[in-house]
Amino acid sequence: MRRDLAVRAALERRLITPDHPVAALLDLDGVREAATALHSAFAEVTAPGQRVLHTFAVKAASLVPVLRLLDGFGIGCEVASPGELALARAAGLAADRIVLDSPAKTEAELREALALGIALNADSAQELARLDALIADEPTSAPPLGLRINPQLGGGTIDAMSTATPTAKFGVGLRDPGAREWVVRAFIDRPWLTRLHCHVGSQGMALERMAAGVRALYELAEEINAAAGTRRVDTLDIGGGLPVDFASDESAPAFAEYARLLRATVPGLFDGRYGLVTEFGRALLAKSGLVLARVEYTKTTGGRPIAITHAGAQVAVRTVFAPASWPLRVAAYDATGAPKRGPAVRQDVAGPCCFAGDLVARDRALPALEPGDLVALLDTGAYYVTTPFGYNALPRPGIYGYHAEEATPTTFTTLRRPQTLSELVQEYGGDC
Ligand SMILES: *Cc1c(COP(=O)(O)O)cnc(C)c1O
């Protein structure tokens with residue numbers, strides 16, 4: 001397996017050492033395979049010549065080299081903050097390959113997006129009113145502008161990830177009294193409003209519900225265009241969302257499965273009349289990443305074996321604070337980087353942070369871990385090491401991309417240098 005080759009090579013190349021006891025690895029071939037799978041899934045269902053812009057939700061892995069790599073694979077950026085926009089621009093993305101979403105865009109952000117020609121989706125009536133004022137000056141040069149709606153179809157199994165509940169904070173609630181009529185009117189009154197957007201969720205969300213959200217979006221577009229007597233809505237931004245299987249090495253559900261379900265649920269989406277934008281995040285990256293950490297000590301307390309490692313809440317915040325929703329597989333390696341053998345022992349895998357709940361796995365059956373061994377938190381290419389928790393002033397670990405093949409040496413490329421202690425001191429006000 002490529003990741004076993006990479007773990008061993010990371011040790012040999014001293015990317016992980018007693019002084020740098022945690023690092024993250026990203027399988028760049030895995031990312032390319034995911035990008036290819038996304039392109040072919042939609043190529044299979046779209047009409048010849050239909051415009052499709054796939055974007056990557058930058059929050060899932062906010063690393064400039066990763067955004068550049070994905071751009072090279074034909075995948076743009078969905079950004080949701082000035083910082084994410086700066087990362088996309090630093091990666092060299094053209095303005096027409098970036099989409100700006102966020103429920104809290106400041107007036108300055110809106111101005112900047114308009115000036116740069118970056119498509120954006122307004123999240124609320126108030127944001128639309130701000131755009132009215134900004135666009136009154138220069139109506140013809142505006143980039144594509146859309147409105148995010150919440151189809152209010154209900155949630156999934158993880159509340160915090162459910163963006164289409166009746167009271168979710170995103171978009172205009174389409175089922176609220178008078179909302180549908182208001183949205184139709186908003187488009188009729190604004191010739192520059194040409195896109196509709198929704199993002200129903202992903203982790204913990206049934207594909208059928210996501211597809212139902214896209215159908216609601218499509219039906220609304222048809223209604224607006226009929227009422228406007230023209231093709232006012234020309235592009236549907238169907239958002240992201242594809243859950244990741246954290247329990248096996250499968251990339252399931254596959255992009256192809258979702259694309260076919262969309263075609264079955266919303267055939268009109270694929271007859272070529274609408275351009276499409278997608279915003280997948282975790283499904284492009286999660287399976288390709290791992291966090292690798294040294295076991296520093298082991299102990300047994302109250303009869304429970306515990307391995308104290310260097311990967312905890314600082315790199316796995318969701319797993320530590322909401323373990324039932326975000327369980328991770330842990331792979332054990334010995335000090336030479338070989339997969340660890342031996343009888344399974346139920347043990348806790350703990351992190352370095354100073355609070356008792358800092359565990360990435362509880363009572364998990366693994367070969368008995370020893371100091372100097374390594375643990376790998378699997379499927380952590382999205383929303384883990386790039387979404388850190390600044391507890392205990394732990395430095396941000398290095399992140400390395402790799403190419404691994406059986407017969408040739410594994411090669412690494414640095415995606416983010418490990419943070420030095422002096423950089424850390426700056427981050428924590430050392431220059432104030
Ligand atoms: C987070 C987000 C996505 C991507 O979500 P994933 O679950 O990572 O695929 C897409 N669109 C919007 C608006 C988002 O907020």
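Backbone N, Cα and C atoms are what each Cβ position is placed from, and that goes for glycine too.
In this model, the domain 'Orn/DAP/Arg decarboxylase 2 N-terminal' (41-285) carries an average pLDDT of 94. The feature domain 'Orn/DAP/Arg decarboxylase 2 N-terminal' is assigned by TrEMBL to 41-285.
Among the features that TrEMBL reports, N6-(pyridoxal phosphate)lysine is placed at Lys59. Taking Cβ-Cβ distances under 8 Å and a sequence separation of 6 or more, the neighbours of Lys59 (N6-(pyridoxal phosphate)lysine) in its chain are Ala80, Glu84, Gly281, Tyr383, Thr387.
According to TrEMBL, the active site, proton donor annotation covers Cys354. Neighbour density for Cys354 (active site, proton donor): within 10 A of its CB lie 9 other CB atoms from the protein chains shown. DSSP assigns Cys354 (active site, proton donor) to coil in the three-state reduction, placing it in neither a helix nor a strand.
In the three-state DSSP classification, Lys59 (N6-(pyridoxal phosphate)lysine) falls within a helix.
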